[in-house]
Amino acid sequence: DIKQLMEQAMLPPNLVPDEANPEWLNKGDNAWQLSAAAFVGLQTIPGLVILYGSLVKKKWAVNSAFMALYAFAAVMVCWVGWGYRMSFGDKMLPFWGRPGTSLDEDFLLRKAFLGNFPNATMVFFQGVFACITLVLVAGSLLGRMNFLAWAMFVPLWLTFSYTVGAFSVWCPDGWLAKLGIIDFSGGYVIHVSAGFAGITASFWVGPRLDKDREKFPPNNIILTLAGAGLLWMGWSGFNGGGPFAASIDASLAVLNTHVCTSVSLLMWLLLDCIFFGKPSVIGAVQGMITGLVCITPAAGVVQGWAAVIMGVVSGSIPWYTMMVLHKRLAFLTHVDDPMAIFHTHAVAGGLGGILTGILAVPKLCRLFFMVPDWERYTGLAYALQNNHASAGFRQLGVQAAGLLFIAGLNVVVTSAICWLVGLLVPLRMSEDKLYVGDYAAHGEEGFALWGEGEAAAAGGVARSGSSVGLGSTYSKPGSPYENYASRSFENSKDVGPAAYGGKDNQEDQSYVYSFNPKSGLPVEFVAGYGGGRRYENSMATVSEEKSPYDDGQGRRYTNSLYDADASRSVQMV
């Protein structure tokens, strides 16, 4: 038998098949595939967790990072429960697989449908791709989506949208796969899906507060670069794992990925400098992402010079749609997409898919697909060169059909899911909670330093001269403001009418006055502080929503008398 023949060939013991290493197993391919999957996982946690948590306004850092973390865990459970078989299992419909679990050892230890490694490796590799897709969708919904609604949205979208796209494009029995679509590592299945699902869900959920849309600065640009770096380097596994082998095509895919991304980043910076007069770090991150996304459907089937062309395109057209076109089209202006997922993923991924239909090299497609009819996979440029124009136009048509199908699928299915979830729970947080952010949503904050959190740790005793911040200090025990945490007031005396429960508060001097988080920013907070309360020698206050002093964060006033109609203050800092 094979084992005896290999032993007779005097192979090293580690290459002789045994029960744990069947003859079909390629240890090198298996090791690389597991490593590539780990790279993709690291792109998400901690990569996108850090990126989202640092790119948003300070008050949304925890919620944004948590949405990503939750999605990863929820998707992985659903994936082994039914998602993998619906994406890559037995055909139920031309675009959908039959549901089934991926937990039994008999299934997990068998050879995967592609590659020389077990199903367990394939389930994990494809699972982290599904996870990152949902996390990308979350980027369009940051800063306002009800977390309970998000918790319901994730498994529904995975089940009824992602699995359909994955089966159609990647499963050998899928209808687009049979037509010959080229999507090397998920330009359509992941990025176009996330972009169109994100902007559709954003439409249904509704926008952030106006003041958040107008001013939404990153809370930590250095951490933004750290998250972006993990995303970029992790893409070596994202695209390098596409061939399901540690092959020469995997090497080409990795190199093309970094070449295209670098060109795209530089192109974005060049346009920023030309039109805005200075390079932007956030712009560089956006250019990086569009380059990574654009090369994904083509990474291992195009030449290096084509990767450069794709980098130029991905660094310019998405820049134009985001910086220029977005402000001119009423729909894009109305829909709130905080991380610009539509531009960086739907637009860039669509461009990559179409350019793949033009620039794909037949020889490289043979190395990737390894099928007898590899000649049908040919880019239009090479088809024209070889006098097979019809084959090239056919490939371009298949790429366009795939783009339209994935886009339409996600608009329809995402709308239906949002409608269903909206019947059960609100899709958007209440206006009151949106004013507060993380503390109202989770009772936690991302930036409670020791000095700011000292009062909370002491069981609710406020300290004179302590630093104040959102949710970081408390009032003295026994006062009607005890254990109420949020916007804070140092060394102030309430000299106006009582705000909480009709209690007269004129004699109560507290270092900190704030609201009750259990009720989710009650009306009293707005009426009491924003409606014209008077504070003497107050270090901070919050004005009316429409007051000229309102910035959404609570303007700080030094030695000011804040009058009853919120119209004047002595000194602002």
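Backbone N, Cα and C define each Cβ position, glycine as well.
TrEMBL does not curate its annotations; it predicts them automatically.
TrEMBL lists region 'Disordered' at one of the ranges 506-539, 540-573, namely 540-573. Of the candidate ranges 92-112, 218-238, 323-343, TrEMBL annotates residues 218-238 with the feature transmembrane segment. Sequence-distant contacts of the transmembrane segment (65-84), counting only residues of its own chain at least 6 positions beyond either end whose CB sits under 8 Å from a CB of the stretch, comprise 41, 44-45, 48-50, 52-53, 99-103, 123, 126-127, 130-131, 134-135, 138, 141-142, 145, 147, 150-151, 154-155, 158-159, 162-163, 442, 446. Sequence-distant neighbours of the transmembrane segment (188-206) (same chain, 6+ residues past either end, Cβ-Cβ under 8 Å): 129, 132-134, 136-141, 144-145, 149, 153, 157, 161-162, 165-166, 169-170, 181, 293, 296-297, 334-337, 341-350, 352-353, 402-403, 406-407, 409-411, 413-415, 418-419, 422, 427-428. Beyond the transmembrane segment (147-168), the same-chain residues lying 6 or more positions past its ends with a Cβ under 8 Å from any Cβ of the stretch are 63, 66-67, 70-71, 74-75, 78-79, 82-83, 86-88, 94-97, 126, 130, 133-134, 137-138, 141, 174-177, 188-189, 193, 197, 201, 205, 405-406, 409-410, 413-414, 416-418, 420-422, 424-428, 441-442. A Cβ distance under 8 Å defines the sequence-distant neighbours of the transmembrane segment (218-238), meaning residues of its chain 6+ beyond its ends; these are 35-40, 42-43, 46-58, 61, 129, 185-186, 254, 257-258, 261, 281-282, 285, 288-289, 292, 296, 446-447.
Panel annotation: around the transmembrane segment (400-425), residues 146, 148-149, 152-153, 156-157, 160-161, 164-165, 168-169, 176, 179, 181, 183, 188-189, 192-193, 196-197, 200-201, 204-205, 346, 350, 353-354, 357 of the same chain, lying at least six beyond its termini, place a Cβ under 8 Å from a Cβ of the stretch.
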